[in-house]
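Chemist: Okay, here's the structure, questions in a sec.
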Amino acid sequence: MRVGVLTGGGDCPGLNAVIRGIVRKGVQEYGYDFVGFRDGWRGPLEGDTVRLDIPAVRGILPRGGTILGSSRTNPLKAENGIRRIKDNLAKLDVQALIAIGGEDTLGVAARLSDEYAVPCVGVPKTIDNDLSATDYTFGFDTAVNIATEAIDRLHTTAESHMRVLVVEVMGRHAGWIAIHSGLAGGANAILIPEQRFDVEQVCAWVTSRFRASYAPIVVVAEGAMPKDGDMVLKDGSLDSFGHVRLSGVGEWLAKEIERRTGKEARTTVLGHVQRGGTPSAFDRWLATRFGLHAIECVHDGDFGKMVSLRSTDIVRVPLAEATAKLKTVNPKLYEEVGVFFG
Ligand code: F6P
């Protein structure tokens, strides 16, 4: 059997570990061979492939990024997209496709599988951890560790200069990276997309922190919004799945804090640093297990499924269910961490 593999959407630490898990088990246990598709859905759409065998996956476990390349290509928007993918898979004699991606990449896999009989298996990836059908996505733990280390380092500058430091983290419309790294890094305020924030309240927390002779760190998720006002965006452009490019709220908030409190406030936007470099041990472990289970799914002919973490077990869930609903931070959890604000 020949199996195609692609990685789509934003890159994420652990992608290479999944690819390695798939190929090692597929070749060693099942005698399969593999075709790597380049740059997400662009690969099968254009028939652009890369060699994917045991030598190709040697040494990639700790490497960030993806050896297959990635893109946000949406084949459902391309002319004759479905037909072209089907023709290319037939031409290359690819009988199953493993798509490693987030909401968008897996959304395409779900439609190809359910509506067009393309045998797909999905693996959930995203630093945002916002897929509801899995407890964790790989990449998230690494992103949280990077953000936490950055917050730890920013504390020293904040204290030395007695300034407010605002840290903008990624996460799109979910506050998981913000709440985990903010709590782990001892932030004095954590602002998430799920709860609109009151700038006056943030300023009150900042002021109370200075009163205790400490300098405040404010962690703000890129998708967080002020109570009265719209989303603050530096660049309102859309990607090919129609998502607006986020970022800008951190800069805006620092200016507001400075204007309202008279204290110097600066912003650090962590941006793609959170997605870069070597995956954490947890992400290598999770990504590898996802890879092993994904190829087992193919071997069982169990298509239209996504592998998912439930507690410590890897289970299979329908791809359509996996992408149906975003997993967001619930108000109770946010309330729980609120004891540290101010
Ligand atoms: O989904 C992962 C993510 O890093 C989000 O947190 C962020 O909003 C988005 O991707 C950025 O995408 P890009 O790198 O395409 O600008």
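Even glycines carry a Cβ here, placed using N, Cα and C.
Automatic prediction, not curation, is the source of TrEMBL annotations.
The active site, proton acceptor annotation in TrEMBL covers ASP128. Taken from TrEMBL, the feature diphosphate binding site applies to GLY10. Here TrEMBL flags GLU103 as Mg(2+) binding site. Per TrEMBL, the feature substrate binding site maps to THR126, ILE127, ASP128, ARG163, MET170, GLY171, ARG172, GLU222, ARG266, HIS272, VAL273, GLN274, ARG275. Taken from TrEMBL, the feature domain 'Phosphofructokinase' covers 2-298. Per TrEMBL, the feature site 'Important for catalytic activity and substrate specificity' maps to ASP104. According to TrEMBL, the feature site 'Important for catalytic activity' maps to LYS125.
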Chemist: Taking DSSP three-state, what's the residue listed as 'active site, proton acceptor' in: helix, strand or coil?
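Modeler: Note: the residue listed as 'active site, proton acceptor' is coil by DSSP, not helix or strand.
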Chemist: Compute the C-alpha separation of THR126 (substrate binding site) from GLY10 (diphosphate binding site), stating it in Å without decimals.
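Modeler: Between the Cα atoms of THR126 (substrate binding site) and GLY10 (diphosphate binding site), the distance comes to 8 Å.
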Chemist: Listed recorded positions: ASP104, ARG266, VAL273. Which have a CB under 6 angstroms from an atom of ligand 1?
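Modeler: Checked recorded positions vs ligand 1; nothing flagged, none.
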Chemist: How many angstrom lie between the most widely spaced Cα atoms of the substrate binders THR126, ILE127, ASP128, ARG163, MET170, GLY171, ARG172, GLU222, ARG266, HIS272, VAL273, GLN274, ARG275?
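Modeler: Comparing all Cα pairs, the maximum is 33 Å.
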Chemist: With every protein chain in view, what's the tally of Cβ atoms within 10 Å of the Cβ of ARG172 (substrate binding site), excluding that atom itself?
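Modeler: I get 22 for this one.
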Chemist: Determine, from DSSP, whether ARG266 (substrate binding site) sits in helix, strand or coil.
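Modeler: Where ARG266 (substrate binding site) sits, the three-state DSSP reduction gives strand.
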Chemist: Got a sec? Which of these binding-site residues, MET170, VAL273, has the most Cβ atoms within 10 Å?
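Modeler: The most densely surrounded of these binding-site residues is MET170.
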Chemist: Are there residues of the same chain, six or more positions away from the residue listed as 'active site, proton acceptor', whose CB falls under 8 angstroms from its CB, and which are they?
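Modeler: In sequence order, the residues whose Cβ lies under 8 Å from that of the residue listed as 'active site, proton acceptor' (at least 6 apart) are GLY102, THR137, PHE140, MET170, GLY171, ARG172, ALA174, TRP176, ILE177.
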